[in-house]
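Chemist: One structure, pasted below without further comment.
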Protein chains: 2
Amino acid sequence: MRVLGIDPGLTRCGIGVVDGAVGAPLTMVAAGAVRTLADEELPARLLGIEKGIEQWLDDYQPDAVAVERVFAQHNVRTVMGTAQASAIAVVCAARRGLPVSLHTPSEVKAAITGSGRADKAQVGTMVARILRLDSPPRPADAADAVALAICYLWRGSAQERIARARQKFARTIELARQRHGL
Amino acid sequence: MRVLGIDPGLTRCGIGVVDGAVGAPLTMVAAGAVRTLADEELPARLLGIEKGIEQWLDDYQPDAVAVERVFAQHNVRTVMGTAQASAIAVVCAARRGLPVSLHTPSEVKAAITGSGRADKAQVGTMVARILRLDSPPRPADAADAVALAICYLWRGSAQERIARARQKFARTIELARQRHGL
């Protein structure tokens, strides 16, 4: 399964593509960013983000997309642009019928480092370790996007594992019932 | 010239279409809203907004689009959805190569009522008067969208008038210079 992670931003959207399969180590396929110029008008910037993300989706054909869920607790000016960029990211994926999952920064940090309060450097270090890279993906937004994709794959497989465990448990109970005529 | 105004919102995007020509009264062509359900997931809602706006653009083929500029001074939770809906509106127009103009609520109020602090009812009343309607367009977001379109048309024609006046003045000066050999 291939997941494309997007860390949205008006100036720079981090992008990371990660392949994962149950029981196999995760592999980073690509990481980078979609950039727009601060002196462009908003319509041109949003259009640039759309074109850039479409290109990544065309090039890497992911099975799912993970986008950072934007919260308003940060810098209010920045957050408006982030919300707008995230809307473009979400709609690009949804238009193709791809499942889109939104993850808060603390969910991602907790999934990758074990702590929802980890800093960017710690997330980068763990991303590199998980993917067996010599150093964290660059730029920093790309590392965050890769972390989002990992978060999606791990949560997905954790959910699958729980579902399988539940089925196994139900089967055991059923067999026990039959055996004891309950 | 036909302008489509959009008052963005995640639950309801007000839409208003107004025709204007220099020296002729403005005419309302259509007003309404694009709605999404609050219990839908964000990707489905943003996709619904995109489809709805595309339909309005297809049906009315405007020459320009006016969108409310979102500010973060309001309710922070609401403003995130508004920012995301506005991004979709802007990109739908930009993708078609239509000029997109962003207006703050106080710019619109000042253009329509003469006061940047006018309330919704006052804006509705003036929109109805300007367009010679019996009552303001419904729902309220549609009236705001119509006001945005009027604001665009009036600012546009004001700018044209200033440009024409400047040209005329420059020509007068030039003629005077020639006449007096300056």
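A Cβ is built for glycine as well, from the same backbone N, Cα and C atoms used for every other residue.
Small disclaimer: the values here were computed from a predicted structure and weren't measured.
Per Swiss-Prot, the features are:
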type	residues	note
ACT_SITE	B:ASP7	active site
ACT_SITE	B:GLU68	active site
ACT_SITE	B:ASP141	active site
BINDING	B:ASP7, B:ASP141	Mg(2+) 1 binding site
BINDING	B:GLU68	Mg(2+) 2 binding site
Chemist: Can you give me the same-chain residues 6 or more apart in sequence from B:ASP7 (active site) with a CB-CB distance under 8 Å?
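Modeler: Spatial neighbours, sequence-distant, of B:ASP7 (active site): B:CYS13, B:GLY14, B:ILE15, B:GLY16, B:GLU68, B:ASP141, B:ALA142, B:ASP144, B:ALA145, B:LEU148.
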Chemist: Tally every other Cβ atom lying within 10 Å of the Cβ atom of B:GLU68 (active site).
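Modeler: A count of 28.
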Chemist: State the three-class DSSP label for B:ASP141 (active site), counting H, G and I as helix, E and B as strand, and everything else as coil.
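Modeler: SS state of B:ASP141 (active site) = helix.
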Chemist: Tally every other Cβ atom lying within 10 Å of the Cβ atom of B:ASP141 (active site).
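Modeler: Taking all protein chains shown, B:ASP141 (active site) has 26 Cβ neighbours within 10 Å.
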